[in-house]
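Undergrad: After the structure tokens below, expect a handful of questions from me.
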Amino acid sequence: MIFTNAILVISALLPATVLSLQHTEDSLFPARCWPDPCAGITFQNDTYVCGDPRLGPVVLPQKFPLNNELRTYARFGALCPAEFLDKWATDVAPNGTYIYPPANGFALDTEEQPILGNATLPVGMKLDRFGSEYGTFLAPLGAPYIERSLPPSNLNTFDGMYPYNYHVYQVTKEFVVGLGPIAPWFEQPGMGTQFVTYTNVLGLIDDGYLRRLDESEYDEKVEYSNPYTPGPNQ
């Protein structure tokens, strides 16, 4: 309710701005979740949807390439926020944590075995991830967020140098990863490609296998992992 009331207060002061904010709020939740889409959620911080860090930031990126990667994102699928947490976290209460998929998030075959194999990433390949450099998951540059099966909290900013916790890298020495399709999870369809490394990303940087890229080094359409991702000027 506090989240909704904040929008209404701003509307009295900034009518033009609030139209955009109200549209943003409306589009966050399925219509059936109204009039109180945040029911059952403990408010903690107005940076986050319903005030809960697990539900991710209220404002999503507007700048290429992140706006394209999130263009098809429906944060909660057909669920209301409390239903989403009830399904995907250990508890709706703030102390609940997300439940992650088995088998490192790889899709499973008909015998419930993960579909993956080893692959060598070539020098020059560009990769990205939403998450800290202590993690071991990477994706082809520009993969849509819905294909990654990540929770909304992976979009939270912890370091101002990396808004939305987004990091881009280039392979500088060949290395081997586990490669395979991503299982559906967190109300997302998944089925993108993930690379699981055998040491964390920070270790790969320190050992010279990866280097961090600046924005100017990944701003061309041709660099992206799929042919349907528009470039920054489209």
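Cβ coordinates come from backbone N, Cα and C, glycine included.
The signal peptide annotation in Swiss-Prot covers 1-20 and rests on experimental evidence. The N-linked glycosylation site annotation in Swiss-Prot covers N45, N95, N118, and the record cites experimental evidence as its basis. The domain 'TNT' annotation in Swiss-Prot covers 120-212 and is backed by sequence analysis. Taken from Swiss-Prot, the feature active site covers R129, Q194. Residues or ranges marked as NAD(+) binding site by Swiss-Prot: F130, T136, R148. Look at Swiss-Prot and you will find S216, D219, E220, E223 tagged as Ca(2+) binding site, backed by experimental evidence.
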Undergrad: Measuring Cα to Cα, how far is S216 (Ca(2+) binding site) from N45 (N-linked glycosylation site) in Å?
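TA: Just about 33 Å between their Cα atoms.
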Undergrad: Can you name the recorded positions among N45, N95, N118, F130, R148, D219 whose CA is within 10 A of the CA of Q194 (active site)?
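TA: Near Q194 (active site), where near means Cα within 10 Å, the recorded positions are R148.
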Undergrad: Measuring Cα to Cα, how far is N118 (N-linked glycosylation site) from N45 (N-linked glycosylation site) in Å?
TA: 42
Undergrad: In the three-state scheme derived from DSSP, which category covers E223 (Ca(2+) binding site)?
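TA: DSSP assigns E223 (Ca(2+) binding site) to helix.
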Undergrad: Rank the recorded positions N45, N95, N118, T136, Q194 by the number of other Cβ atoms within 10 Å of each Cβ and report the first-ranked residue.
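TA: In terms of Cβ crowding, the pick is Q194.
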Undergrad: Counting all other Cβ atoms within 10 Å across every protein chain shown, which of the binding-site residues D219, E220, E223 scores highest?
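TA: Per the Cβ count within 10 Å, the most buried is E223.
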Undergrad: Apart from F130, T136, R148, which residues in this chain have a Cβ no more than 8 Å from the mean position of the Cβ atoms of those residues at the NAD(+) site?
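TA: Other same-chain residues near the NAD(+) site: R129, G131, G135, F137, L138, A139, L150, N154, Q194.
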Undergrad: Cα-Cα separation of F130 (NAD(+) binding site) and E220 (Ca(2+) binding site), in Å?
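TA: F130 (NAD(+) binding site) to E220 (Ca(2+) binding site), Cα-Cα distance: 20 Å.
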